[in-house]
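Colleague: Before I ask anything, here is the structure I am working with.
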Amino acid sequence: MSLSNKLSIEDVDLKGKRVLIRVDFNVPLDAEKKVTNPQRIAGAIPTIKYALDHGAKAVVLMSHLGRPDGKPNPKYSLKPVVPELEKLLGKKVTFAPDCVGPEVEEIVNKADNGEVILLENLRFHIEEEGKGTDAEGNKVKADKAKVEEFRKNLTKLGDVYINDAFGTAHRAHSSMVGIDLPVKAAGFLMKKELQYFAKVLESPQRPFLSILGGAKVSDKIQLIDNLLDKVNTLIVCGGMAFTFKKTLQNMPIGNSLFDEAGAKIVPDLVKKAEKNNVKLVLPVDFTIADKFDKDANTGYATDKDGIPDGWMGLDCGEESVKLFTQAINESQTILWNGPAGVFEFDKFAKGTKATLDACVKAAEEGRTVIIGGGDTATVAAKYGVEDKLSHVSTGGGASLELLEGKALPGVVALSERQ
């Protein structure tokens with residue numbers, strides 16, 4: 001699956017067409033149904049505006065919100081998104097009460113002069129995800145014939161299909177893979193994600209460093225395994241470093257996280273790193289705590305003595321940060337997935353913040369720094385540096401699967417450049 005060879009919205013003639021765009025408006029709402037973080041809506045605006053500026057007859061937006069499990073639920077209606085979308089777009093938006101059916105088709109077919117229509121939540125229909133729960137809460141599967149019909153009915157709403165929902169690209173849902181139009185192209189958000197991931201996965205500038213943190217080794221085995229074929233240096237930090245330290249160096253880790261399943265694989269991963277000439281960097285000192293709490297008592301431990309019983313490592317120490325910074329400074333391409341400590345607690349955020357500072361400096365010097373979604377994207381947002389890095393991915397699960405070497409159904413479904 002080549003990432004850099006997909007059709008994008010700029011390659012497509014939109015004049016006089018109904019442009020059906022799969023967006024990701026899965027935004028948080030408060031008790032008053034107000035959007036609390038409009039970032040995802042703002043992210044889709046350039047694609048919508050491009051379609052309007054290039055003569056689209058109508059722009060039809062489809063999205064999911066939350067997990068209604070295949071049945072209508074007013075709590076997950078997309079209607080509260082309308083005022084926020086109108087504000088950001090600077091024009092009126094028509095809300096359709098469903099995402100398929102005669103009433104929706106009539107609204108779409110009457111639309112002209114660049115009218116913008118937002119469809120109701122796709123996941124109110126079990127046919128979007130292919131599964132859901134019934135009224136009693138039992139798991140149910142969608143009927144195959146009905147899924148086909150649902151996809152045909154969505155297809156009726158456009159002449160051109162644009163996918164701008166990278167965060168859902170790893171899901172083979174109807175709106176991602178089932179739209180049967182001759183032209184299926186990436187929107188600007190999707191295009192940027194594909195460009196940057198192509199940069200690291202298909203032709204990285206070397207030396208190439210990957211920083212992997214987070215809790216469990218077993219969750220990241222495929223990721224580590226795939227990246228060991230691509231990187232020059234690998235930093236293992238965060239909770240999963242303790243599984244490496246205990247397994248490889250027999251370091252006492254006290255009550256720190258230990259992943260039994262992951263520990264069995266560690267020697268194989270280290271062998272592969274040696275075989276591929278990949279430099280493995282592990283933390284050498286730790287900020288420790290007497291409990292998992294923001295107000296815990298703190299201490300310091302090195303890997304020489306290990307972590308005493310009754311204490312747990314929640315961050316890496318200054319010597320580790322020096323090693324990480326040196327590796328960052330020596331690299332041209334840096335891919336970061338998973339924090340270096342429990343950054344949610346201020347006492348244990350230093351290692352993550354120092355690593356982030358080194359990454360920002362690298363990006364400012366013109367090197368490529370990519371943050372792979374999820375918790376690490378939250379870190380970049382927490383310290384307000386998203387625009388100081390080359391790319392912060394919007395898709396946690398999707399970026400993880402790409403980096404594991406998997407093909408993403410939503411990307412595979414897009415047309416290739418001729």
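Quick reminder: no glycine exception, Cβ is built from N, Cα and C everywhere.
Residues or ranges marked as (2R)-3-phosphoglycerate binding site in Swiss-Prot (evidence: similarity to another entry): Val23, Asp24, Phe25, Asn26, Gln39, Arg40, Ser63, His64, Gly66, Arg67, Leu122, Arg123, His170, Arg171. Per Swiss-Prot, ADP binding site is recorded for Gly214, Gly238, Phe343. As annotated by Swiss-Prot, CDP binding site applies to Gly214, Asp219, Gly238, Gly338, Ala340, Phe343. Among the features that Swiss-Prot reports, AMP binding site is placed at Ala215, Lys216, Lys220, Gly239, Gly313, Glu344. Feature annotation from Swiss-Prot assigns Mg(2+) binding site to Ala215, Asp219, Asp375; the stated evidence is similarity to another entry. As annotated by Swiss-Prot, ATP binding site applies to Ala215, Lys220, Gly239, Gly313, Glu344, Asp375, Thr376, with the evidence given as similarity to another entry.
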Colleague: Based on the record's binding annotation for ADP (Gly214, Gly238, Phe343), what whole-number value in Å is the widest Cα to Cα distance?
Modeller: 11
Colleague: Check the Cα distances from Gly239 (AMP binding site) to each of the binding-site residues Val23, His170, Gly214, Ala340, Thr376 and keep only the ones within 10 Å.
Modeller: Gly214, Ala340
Colleague: Measuring Cα to Cα, tell me the gap between Gly214 (ADP binding site) and His170 ((2R)-3-phosphoglycerate binding site) in whole angstrom.
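Modeller: Cα of Gly214 (ADP binding site) to Cα of His170 ((2R)-3-phosphoglycerate binding site) measures 21 Å after rounding.
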Colleague: Are any of Phe25, Gly66, His170, Gly238 (the binding-site residues) within 10 Å of Gly313 (AMP binding site) when you go C-alpha to C-alpha, and if so which?
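Modeller: Of Phe25, Gly66, His170, Gly238, within range: Gly238.
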Colleague: What residue among the binding-site residues Phe25, Phe343 has the most other CB atoms lying within 10 A of its CB?
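Modeller: For the binding-site residues Phe25, Phe343, the Cβ with the most other Cβ atoms within 10 Å is Phe343.
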Colleague: Fewest other C-beta atoms within 10 angstroms of its own C-beta: which of the binding-site residues Val23, Leu122, Ala215 fits that?
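Modeller: Least crowded of the binding-site residues Val23, Leu122, Ala215, by Cβ count within 10 Å, is Ala215.
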Colleague: Give me the non-local Cβ neighbours of Gly238 (ADP binding site): same chain, 6+ apart in sequence, Cβ-Cβ under 8 Å, ordered along the sequence.
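Modeller: Gly238 (ADP binding site) has long-range Cβ partners Leu212, Gly213, Gly214, Ala215, Gly338, Pro339, Ala340, Gly341.
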Colleague: Sort Gly313 (AMP binding site) into helix, strand or coil using the DSSP assignment.
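Modeller: Note: Gly313 (AMP binding site) is in a strand by DSSP.
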Colleague: What is the number of other Cβ atoms found within 10 Å of the Cβ of Gln39 ((2R)-3-phosphoglycerate binding site)?
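Modeller: 12, counting other Cβ atoms within 10 Å of Gln39 ((2R)-3-phosphoglycerate binding site).
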Colleague: With the ADP site defined by Gly214, Gly238, Phe343, which remaining residues of that chain have Cβ atoms positioned within 8 Å of the Cβ centroid?
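Modeller: Filtered neighbour residues, in order: Gly213, Ala215, Cys237, Gly239, Gly338, Pro339, Ala340, Gly341, Val342, Thr352, Asp375, Thr376.
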Colleague: Which of Ser63, Thr376 (the binding-site residues) has the most other Cβ atoms within 10 Å?
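Modeller: For the binding-site residues Ser63, Thr376, the Cβ with the most other Cβ atoms within 10 Å is Thr376.
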Colleague: Of Phe25, Gln39, Ser63, Gly66, Leu122, Thr376, which binding-site residues come within 10 Å of Glu344 (AMP binding site), going by C-alpha to C-alpha distance?
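Modeller: Checking each Cα against Glu344 (AMP binding site), there are no hits.
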Colleague: List nothing but the one residue from His170, Lys216 whose Cβ has the fewest other Cβ atoms within 10 Å; the candidates are the binding-site residues.
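Modeller: Comparing Cβ neighbours within 10 Å for the binding-site residues His170, Lys216, Lys216 has the fewest.
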Colleague: If you count, for each of the binding-site residues Gly66, Gly214, Gly239, Gly313, Gly338, the other Cβ atoms lying within 10 Å of its Cβ, which residue has the minimum?
Modeller: Gly66
